[in-house]
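Feature annotations, courtesy of Swiss-Prot:
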- G12, K80, G81, G107, D108, G109, S110: ATP binding site (BINDING)
- D108: Mg(2+) binding site (BINDING)
- G109: site 'Important for substrate specificity' (SITE)
- T131, I132, D133, R168, M175, G176, R177, E229, R272, H278, I279, Q280, R281: substrate binding site (BINDING)
- D133: active site, proton acceptor (ACT_SITE)
Amino acid sequence: MRKKIGILTSGGDCPGLNCVIRAVVSHATLTYDWEVFGIPYATQGLLERQAIALNMHGWDLRGIDPLLNMGGTILGTINKGDTLAHVDEMLASYEALALDALIVIGGDGSLGILHELASRGNWNLVAIPKTIDSDVALTERAVGFDTAVNTIVDALNRLTFTAASHDRVMIVEVMGRSAGHLALHAGIAGGADVILIPEISYTISGLCQYIAELRDRWQRKFAIVVVAEGAKLCLEDVQENIASACVSPKCGRGQYIAEQIARCSKNLIDTRVSVLGHIQRGGIPSALDRLTATVFGKTAVDLVAQGKFGQMVAWQNGEAIPVPIQDVVAQSPLHVNPQGSLVQSARCLGIYVGEKT
């Protein structure tokens, strides 16, 4: 009897998800002659017992070829709602679908929820990491991160010239509430002067002094500041009320920093803020994300064939390997190492990356 496996995408979208789907459908069909069913809109589709045959409905082996360069996910996804409030219904729905295994593509949050459901229902689960934040533990790669970095670098390339033309400080706010990998990688690669991330606190005085030094010592009248949305002020600044109402995470970090630079310079420094927002989640997947997604999808199918469940496909030392999902969940989110090579390299290049401890 042919195996029947399901696949779903969960959490925020990112480039490369369709590449994973393409690899799973191709390998499962060509190599193992299995049936592959897509679960639309993650746990919502699971709850509603929806399953789309991915070797039919236009997504057969010929139909999945365009997925290689498509952003987003053809299956749809959700990143809201209290899934664990419907555990019993979810478990019953999974049983009704009669799947031999389920391949899930998600970030640290959605993987934790799906692992919990799988543990309660004894599901045959295999996971694939995707995140533009690169904060999933135990893997050196995750689908979507490389494209997001390239998207930010492209924006920095464009904004640098307009900043230089007007002698402005250009502040670029990027995603990263709890981990600063995206800001750090893109900031270094994009030639930023300042990179502010959640893991290393900064001071307004230190930031303003650095920008003043660029102007006075190096005759640089423009600057590029990359700030993660979760960048944190030093505790002393918060306690002294320097941050005012903008200490709240609801206040945009980029706008707050622009206001503080204007205050410190007595409005002599012209600032502009660009919040990249969901542009970072879109776009055509990079070559590296396509390769990562393809290898991850193929490996996930092989793990199902080998009966190795409760595993996430990870990239370590140049190879795709299985690691226990429970270990990934326990160690996520993965934070930037403040003493790591990237932070040290940034500082050696003269980039302000917050205060040294």
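Every residue, even glycine, has its Cβ placed from backbone N, Cα and C.
Sequence features annotated in Swiss-Prot and their locations in the structure.
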| residue | record | DSSP class |
| --- | --- | --- |
| G12 | ATP binding site | coil |
| K80 | ATP binding site | coil |
| G107 | ATP binding site | coil |
| T131 | substrate binding site | coil |
| M175 | substrate binding site | coil |
| R272 | substrate binding site | strand |
| R281 | substrate binding site | helix |
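For the binding-site residues listed here (K80, R177, R272, R281), the lowest count of other CB atoms within 10 A around the CB belongs to K80. Considering only the binding-site residues S110, T131, the Cβ with the fewest other Cβ atoms within 10 Å is that of S110.
Between the farthest pair of Cα atoms in the substrate binding residues (T131, I132, D133, R168, M175, G176, R177, E229, R272, H278, I279, Q280, R281), the distance is 32 Å. The distance from the Cα of G12 (ATP binding site) to the Cα of T131 (substrate binding site) comes to 8 Å. Within 10 Å of T131 (substrate binding site), counting CA to CA, the binding-site residues K80, G107, D108 contribute G107, D108. The subset of binding-site residues (D133, M175, I279) lying with their Cα within 10 Å of the Cα of G107 (ATP binding site) consists of D133, given in sequence order.
You'll find the Cα of R281 (substrate binding site) roughly 17 Å from the Cα of K80 (ATP binding site).
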